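Q: Next up is a structure, given as structure tokens.
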Amino acid sequence: IHSADPKDPTYNTFAAALNFIGSDNALKLIVAVLAGFIAMSIADRPGFAPGMVGGFMATQANAGFLGGLIAGFLAGYVVILLKKLFVFIPQSLDGLKPVLIYPLLGIFITGVLMQFVINTPVAAFMNFLTNWLESLGTGNLVLMGIILGGMMAIDMGGPLNKAAFTFGIAMIDAGNYAPHAAIMAGGMVPPLGIALATTFFRHKFSKRDREAGITCYFMGAAFVTEGAIPFAAADLRVIPAAVIGSAVAGGLTEFFRVTLPAPHGGVFVAFITNHPLLYLLSIVIGAIVTAVILGIIKKPVEEK
């Protein structure tokens, strides 16, 4: 785990290279790229550069994933507005609009708004959230685990999920490995719980859902919470069931005092926790809770 640190006795150059590629560079671009693609989905290719610049500015200002999400939507709609404002340009100059006018003005307007309007309050909110979670960590570990686990399932990859995940990474950097154990457990439960429900309550899911449930086993095991989104979108009752199961799993990891120094990996990094079996038990119990709740609240499906 610490072999990328030159001060650690286990240091080796290959691990340091991997850390430089991933942690020092690739991971720092995640928010910027996310914002760029959000903007592009709204305004097509001219929105990508303004969105990416806005997302990078959010990262630099410690506004986190929430700042990046706002930057993406902001840049996208800024470019949409520019497209409407510049309809008067002669058709002979249309080629300039997507490669020069929209990106250039989009970057300028998005950058100014991010710098003077968005970044400061969003960064303050993220800092408040981090400090609040840290205060819970010193006062009541189990309560912190319940909250962090539940946050991972509320929006399954959205701002709250990413806020919890970002907090966990920050705690790992600070040498506190307990919070991220709850976070990763909570993030695995929604797809795993749904997968179990489709297996043991087959009559309450369509054939297509049962087939998708098999995929959820793998996505849950790999800590891909987003695998549960199609089920939640089709039936909102999935969300409270997932939140309860994730909160149970997160609370149990803190009750068992599990620590996890790895930022990602799902069940495949369980062996590096201080209590691998108790960690896996926490995840299984949380998934079972979600599955049972779904089995109770969902009605049988009539196959045509």
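Every residue, even glycine, has its Cβ placed from backbone N, Cα and C.
For 1-304, the entry in Swiss-Prot reads domain 'PTS EIIC type-2'. Taken from Swiss-Prot, the feature transmembrane segment applies to 20-40, 62-82, 98-118, 140-160, 181-201, 214-234, 238-258, 277-297, supported by sequence analysis.
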Q: Verify whether three or more Cβ pairs under 8 angstroms connect the transmembrane segment (20-40) with the transmembrane segment (140-160), leaving out any pair fewer than 6 apart in sequence.
A: no
Q: Using a Cβ-Cβ cut-off of under 8 Å, list the residues of the same chain that are 6+ residues beyond the ends of the transmembrane segment (214-234) and lie near it.
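A: Contacts with the transmembrane segment (214-234): 152-153, 156-157, 161, 184, 187-195, 198, 242, 264-268, 287.
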Q: Near the transmembrane segment (277-297), which residues from the same chain, at least 6 beyond its ends, have a CB less than 8 A from one of its CBs?
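A: Distant Cβ neighbours of the transmembrane segment (277-297) are 149, 181, 185-186, 188-190, 192-197, 200-201, 204, 220, 237-238, 240-242, 244-250, 252-253, 256, 258, 260, 267, 270.
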Q: May I ask which of the stretches 20-40, 62-82, 98-118, 238-258 has the most CB pairs under 8 A with the transmembrane segment (181-201)?
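A: Answer is 238-258, with the largest number of Cβ pairs below 8 Å.
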Q: Report the mean pLDDT of the predicted model across the domain 'PTS EIIC type-2' (1-304), rounded to a whole number.
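A: Mean model confidence (pLDDT) across the domain 'PTS EIIC type-2' (1-304) is 88.
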Q: Taking residues 6+ outside the transmembrane segment (20-40), which of them lie with a CB under 8 Å of any CB in it?
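A: Same-chain residues near the transmembrane segment (20-40) but 6 or more away: 4, 47-56, 58-59, 64-65, 67-69, 71-73, 75-76, 79.
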Q: Residues sitting near the transmembrane segment (98-118): Cβ under 8 Å, six or more positions beyond its termini, same chain?
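A: Here the qualifying positions are 43-47, 49-51, 53-54, 57-58, 61, 63, 67, 70-71, 74-75, 78-79, 82-83, 86, 89.
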